[in-house]
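Enquirer: So that we are looking at the same thing, I have put the structure below in structure tokens.
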Amino acid sequence: MTRTIKFTKMHGAGNDYIYVDTTRFPIEHPEELSKIWSAPHTGIGSDGLVLIGTSDKADFSMRIFNADGSEARMCGNASRCIGKYLFDYGLTSKTKIMLDTLSGIKVLNLHLADGKVNSVTVDMGIPADEPADYDGKGAKPMKEQPIEVDGERYAGTTVSMGNPHLVIFVNDIEDVDLPVIGPKLENHPLFPERINVEFAQILGEGKIRMRVWERGSGITQACGTGACATAVAAFLTGRAGRDSTVIMDGGSLNIRWDIATRHVLMTGEATKVFDGEIELID
Ligand SMILES: N[C@@H](CCC[C@H](N)C(=O)O)C(=O)O
């Protein structure tokens, strides 16, 4: 049977996904479709596929698939885009939305301009690798982990924002050969579940330049959970305070690691690119 699936292409800081409302267009094999639809020349072209659905625990649910078909537990940029999708298409009139993800329920706070969502703050929760003995007051120096690749040694901080990240601070980010080193670190034996890799450079007070190699999608223009992990790693290693702007290839995100709740708050834009439809043979 051939079905027509309506989708919306959206991006957050250039991190682009195909969004499908599964309450109207059920999808049976998202792993396979994410690979086919994400392909740049033969598909729609994207960093992956995002399914919006119902939830018995929250207002809506999100599932996120990378371009290689693997399913991730959380996506920062997609969660902001879902907030925009739900409000702008009239699926909700709430400006505070509970979103059920594989890494728990995230709270989206929508910021409107002219009746539409132009930016969203997402409560990303508590970073999982926050040291247990940390009092939350000052910067706790954290030992960076040495990682060797092809005889070259890197020092990285691992932070989980629902999905795993390895953050490596460097003096000159332009010196990093990301297409070469990215996949080697993603698939390093230290990380049996693979890992998202961020290279970061401190530009000045509260300003961090970051480039990302995403697990399952390769180089992307931005990564929301990666920006949060970078800001957390910068704070934990004494390189930044609690508020950072993370500047990526496709745009910037403002990250606050709230002292009282210990939750990470991510704020940034969400943009619709176009609506489309594609034939699916079931
Ligand atoms: N781009 C995302 C993260 C997507 C999932 C990631 N590649 C993984 O496999 O963990 C973001 O904005 O957070």
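A Cβ is built for glycine as well, from the same backbone N, Cα and C atoms used for every other residue.
Annotations for this protein, taken from TrEMBL, read as follows:
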ACT_SITE  Cys75  active site
ACT_SITE  Cys75  active site, proton donor
ACT_SITE  Cys223  active site, proton acceptor
BINDING   Asn15, Asn66, Gly76, Asn77, Asn163, Asn196, Glu214, Arg215, Gly224, Thr225  substrate binding site
Enquirer: Tell me which residues of the chain lie with their Cβ under 8 angstroms from that of Gly76 (substrate binding site), as long as they are six or more apart in sequence?
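Expert: Long-range Cβ contacts: Gly12, Val122, Met124, Met161, Cys223, Gly224, Thr225, Gly226, Ala227, Cys228, Leu253, Met266.
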Enquirer: Tell me which residues of the chain lie with their Cβ under 8 angstroms from that of Asn15 (substrate binding site), as long as they are six or more apart in sequence?
Expert: Asp47, Asn77, Ala78, Thr220, Gln221, Ala222, Cys223, Gly224, Gly250
Enquirer: Going by DSSP, give the three-state secondary structure for Glu214 (substrate binding site).
Expert: strand
Enquirer: Considering each pair of residues in Asn15, Asn66, Gly76, Asn77, Asn163, Asn196, Glu214, Arg215, Gly224, Thr225, all listed as binding substrate, report the largest CA to CA distance in Å, no decimals.
Expert: 16
Enquirer: What kind of secondary structure is Asn163 (substrate binding site) part of, going by DSSP in three states?
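Expert: Once the DSSP labels are grouped into three classes, Asn163 (substrate binding site) ends up as coil.
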Enquirer: Compute the centroid of the Cβ atoms of Asn15, Asn66, Gly76, Asn77, Asn163, Asn196, Glu214, Arg215, Gly224, Thr225, then list the same-chain residues not in that set whose Cβ lies within 8 Å of it, in sequence order, for the substrate site.
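Expert: Leaving out the recorded residues gives Ala72, Met74, Cys75, Val212, Ser217, Thr220, Cys223, Gly226.
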Enquirer: Go through Asn163, Glu214, Cys223, Gly224, our recorded positions, and report the one whose Cβ sees the most other Cβ atoms within 10 Å.
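Expert: The residue with the most neighbouring Cβ atoms within 10 Å is Cys223.
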